[in-house]
Amino acid sequence: MSELANESSAQRFESVFSGTAEGTWVAPGRVNLIGEHTDYNDGFVLPFAIPQRTEVAAARLPEHSWEAWSALNGETVRFTEDDLTPGGVPGWGAYVASVVWALRERGYDAPGARLAITSDVPLGAGLSSSASLESAVLGALVDLGRLDVPVEERPAIAQLGENKYVGMPSGILDQSASIRCREGHALFLDCRSLAVEHIPFDLASAGLAILVINSNAPHQLVDGEYAARRASCEAAAAALGVPALRDVSLDGLDDALARLDDDVLRRRTRHIVTENDRVLRTVELLRAGDVRGIGPLMTASHASMRDDFEITVEQVDLAVSAALEAGAFGARMTGGGFGGCVLALVETSAADEVRSAVEKAYAARAFTPPATFVATAAPGAHRL
Ligand code: GLA
């Protein structure tokens, strides 16, 4: 399948640019198993890459100019060095330009290039379609320009572009997942030190599966609410006199809460501190080979996002409760929130039953039907 896709993105390059691509670079979308909104609090996350990915067939241009074509809309975006100020390239092309801009900001001479882009990462579903685009473009430019950019530095470069060029105040979760994940593993990332540990995540041999349920809820208020959550966390850390909420331990949580006089800040803090702890406990269970045991932590994480961090919506909560009622060991929303996807940990043989229970619950409420797929832990970004 990937060979076909490879052929197709290289062939598309040929038909769009009447030339031959020098190579094809891919980068996946991701789901986050647990650890939501902890990344910009210097905390812990545990994503894994999904098989859906963005592919970029690319060739170098002699000048510092860029032409990017996307199969999603058949559009070609062109830009030069003159457009490399934030806001210079609008729309989806901004994600491409952001990578060029960020490489240059970090002192790397990003080569001019033609890029033909295809992707099967669902858009607007909280599966990191943008990070997969940025990461694939980054891989292409680094290799085409023979730039010596260590892999551990790449996520921060893509994140810099997204923060400063695109203007989204996201943390480092998505780009780290897309670039650093390994097949068959979840990525345990310390977002302060950027140290990673690849945690074996072998669902199949435990007879389990992760069902991804795209709530298909209209993504609303995402940017503003995301920025508001981030601001609240920063305000809480400042009020507590710590660099980030990561520095509040679970043991110190009650004291910290007593020192905050704002109930919203208290609840945001409680989510972050307990969520960091849930990530650590999830990692412990996986290290011990107890995949099923992580279910209750997933469900507790969802309750915390719903009640304390207030980032879920009706469709998402319904998918979680319907999945649990149908026998899932655990279920939670994944990603930034206000829509997006739910992960349900299920017995492989029960996946269909859980899927149809969620579909039925949606139908009863006349919600747009959810889309579902079973996720396996796929490889991170690489050249084909
Ligand atoms: C979005 C952001 C990430 C992270 C998640 C929530 O995906 O891009 O940086 O904050 O939300 O965990």
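Using the three backbone atoms N, Cα and C, a Cβ is placed for every residue, glycine included.
A TrEMBL annotation is a machine prediction, not a hand-curated record.
Feature list (source: TrEMBL):
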- 11-60: domain 'Galactokinase N-terminal' (DOMAIN)
- Arg30: site 'Transition state stabilizer' (SITE)
- Glu36, His37, Thr38, Asp39, Tyr226: substrate binding site (BINDING)
- Ser70, Gly124, Ala125, Gly126, Leu127, Ser128, Ser129, Ser130: ATP binding site (BINDING)
- 95-179: domain 'GHMP kinase N-terminal' (DOMAIN)
- Ser130, Glu162: Mg(2+) binding site (BINDING)
- Asp174: active site, proton acceptor (ACT_SITE)
- 283-363: domain 'GHMP kinase C-terminal' (DOMAIN)
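Feature map: annotations from TrEMBL on the structure.
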residue	record	Cβ contacts under 8 Å, 6 or more apart
Glu36	substrate binding site	Glu275, Ser301, Met305, Phe309, Ile311, Met333, Thr334, Gly335, Gly336, Gly337
Thr38	substrate binding site	Phe44, Val45, Cys191, Arg246, Ile272, Glu275, Asn276, Val279
Ser70	ATP binding site	Val77, Trp92, Ile117, Thr118
Gly124	ATP binding site	His219, Gly339
Ala125	ATP binding site	Asn214, Gly339, Gly340, Cys341
Ser128	ATP binding site	Gly29, Arg30, Val121, Asp174, Ala177, Ser178, Gly335
Ser129	ATP binding site	Gly29, Thr54, Ser119, Val121, Pro122, Leu123
Ser130	ATP binding site	Tyr95, Glu162, Val166, Met168, Asp174
Tyr226	substrate binding site	Met168, Pro169, Ser170, Gly336, Gly337
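Working note on the binding-site residues Asp39, Glu162: by count of other C-beta atoms within 10 Å of each C-beta, Glu162 ranks first. Candidate recorded positions: Arg30, Glu36, Ser129. Those with a Cβ under 6 Å from ligand 1, in sequence order, are Glu36. A distance of 13 Å separates the Cα atom of Gly126 (ATP binding site) from that of His37 (substrate binding site). All protein chains shown were included, and the count of other CB atoms within 10 Å of the CB of Arg30 (site 'Transition state stabilizer') stands at 33.
The two recorded residues, Leu127 (ATP binding site) and His37 (substrate binding site), have Cα atoms 15 Å apart. Sequence-distant contacts of His37 (substrate binding site), defined as residues of its own chain at least six apart whose C-beta falls under 8 angstroms from its C-beta, comprise Gly171, Arg229, Arg230, Cys233, His271, Ile272, Glu275, Met305, Phe309, Ile311, Gly336, Gly337.
Spread of the ATP binding residues is 20 Å (greatest Cα-Cα distance among Ser70, Gly124, Ala125, Gly126, Leu127, Ser128, Ser129, Ser130).
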